[in-house]
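Chemist: Questions regarding the structure given below will be posed in turn.
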């Protein structure tokens, strides 16, 4: 018998959650329940996930649960579900979340069928704003679908379920195949490496299609057939779509991730900009900057409820979870709901400061041309860690040239440097360099310098065992505007030798 599950309905839970009055069960999942509750001090409703540790462990879902908790703890956006606090016991984890009463976008589409373009656009604008916020804070969702998009009482989008999300690391690429196959990008189901944001763009394209058409672009009961359609980009556009929608959807559903439209480009698209609310017309404020903004009126309300003012202010500045900060954020969120939005003041400041309202983050030049070594420490998400702010520089080499032209020049440079390579994707290679070997000892096998489907590498047993062998990866992907970025990631080998190789590589390149 699961004794912890039996405690869900008795006074045991209330003793653990003295600040909440538990109500009815909203849903039952694989390893717990979701209950509606009332925050005693403020009277505001919340949803509380009660997760059973034993069930989570048996299903090997500890990492998924922990990941979602860490990510949501730091996020503050009107279209991302809010997490107020997490209370842990030896048997259960209690996650206090924002309560949304109107269910999933999936059910909304099933009930209403295809939506009018204005309504679909309103949903889509909110989704893109939330996804952009994730990406700016180095998180890729990887499982965007209507089932994970909730609706509040005013039918505003709330992005949820970050259990499959990954924190993006500069110079690193993801390979895990996850998410729902109907919404997954070709590179994901193919098991190829991907940078991250481009897979969310694909999923958003599928969602937009579903909003406007009432059906999925890629659907088949037979999974191999479904994968074939996705990998081939095989779908049809109904005739009822406007010309602008017919232009945007195919650009989001381009099979080649390098050529796929980006979030900043979606923002600039005419269909997206039509009837765009002012609070969504600018990029969202940085998470760290948000934490610095404290609403004095709300603080005073919290103090009037019996909390110490200095403790409230210190806890807010440090992003500490306690009764005072939970009370503050519940009051804040319920005071400023969309459409005014509790973030609108930050958006307004950005606009009034004279910046372009459609400004997107731009990467400045690095101190060494356009190249910076991609060996960067990982940003952790500890209890009081901060999500990194926007980058003011870019990793890798940037170019306006055509991707094939760039890769041909890259291969020429690698051959000149006597580097072996193996193609692992359309624009992705594993490389190996052993300093000091003569050309004949580190032989290349591709005499025709075209980026073809076949791999081009010869493994040398002696070279592979050399203590000075340098292993690295190259990947080209699309950056802002019409630029392409070549990322260089050291996998193994001495750091300074790798930097020497990169310097030599730069001098060999002809078009970048």
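Each residue, glycine too, has its Cβ placed from N, Cα and C.
Relevant sequence annotations retrieved from Swiss-Prot are reproduced here:
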- 20-272: domain 'Protein kinase' (DOMAIN)
- 26, 27, 28, 29, 30, 31, 32, 33, 34, 49: ATP binding site (BINDING)
- 143: active site, proton acceptor (ACT_SITE)
- 165: phosphoserine (MOD_RES)
- 176: phosphothreonine (MOD_RES)
- 291-391: region 'Auto-inhibitory domain (AID)' (REGION)
- 293-333: domain 'UBA' (DOMAIN)
- 295-512: region 'Regulatory domain (RD)' (REGION)
- 392-512: region 'PPI' (REGION)
- 399-512: region 'Interaction with PAD1 and SKP1' (REGION)
Chemist: Which residue among the binding-site residues 26, 28, 34 has the fewest other Cβ atoms within 10 Å of its Cβ, if you could check?
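Modeler: Ranked by other Cβ atoms within 10 Å, the binding-site residues 26, 28, 34 bottom out at 28.
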Chemist: Note the Cβ centroid of 26, 27, 28, 29, 30, 31, 32, 33, 34, 49, the recorded ATP site, then list each other residue of that chain whose Cβ lies within 8 Å of it, in sequence.
Modeler: 50, 51
Chemist: Measuring Cα to Cα, how far is residue 28 (ATP binding site) from residue 143 (active site, proton acceptor) in Å?
Modeler: 21
Chemist: With DSSP as the reference, give the number of residues of the domain 'UBA' (293-333) in helix, strand and coil.
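Modeler: So the counts come to 29 helix, 0 strand, 12 coil.
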Chemist: Could you round the CA separation between residue 32 (ATP binding site) and residue 143 (active site, proton acceptor) to a whole angstrom and send it over?
Modeler: 21
Chemist: Distance check, please: Cα of residue 26 (ATP binding site) against Cα of the residue listed as 'active site, proton acceptor', rounded to an integer number of angstrom.
Modeler: 22
Chemist: Based on the record's binding annotation for ATP (26, 27, 28, 29, 30, 31, 32, 33, 34, 49), what whole-number value in Å is the widest Cα to Cα distance?
Modeler: 14
Chemist: Suppose you look only at the domain 'UBA' (293-333); what would the mean pLDDT be?
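Modeler: On average, pLDDT over the domain 'UBA' (293-333) sits at 91.
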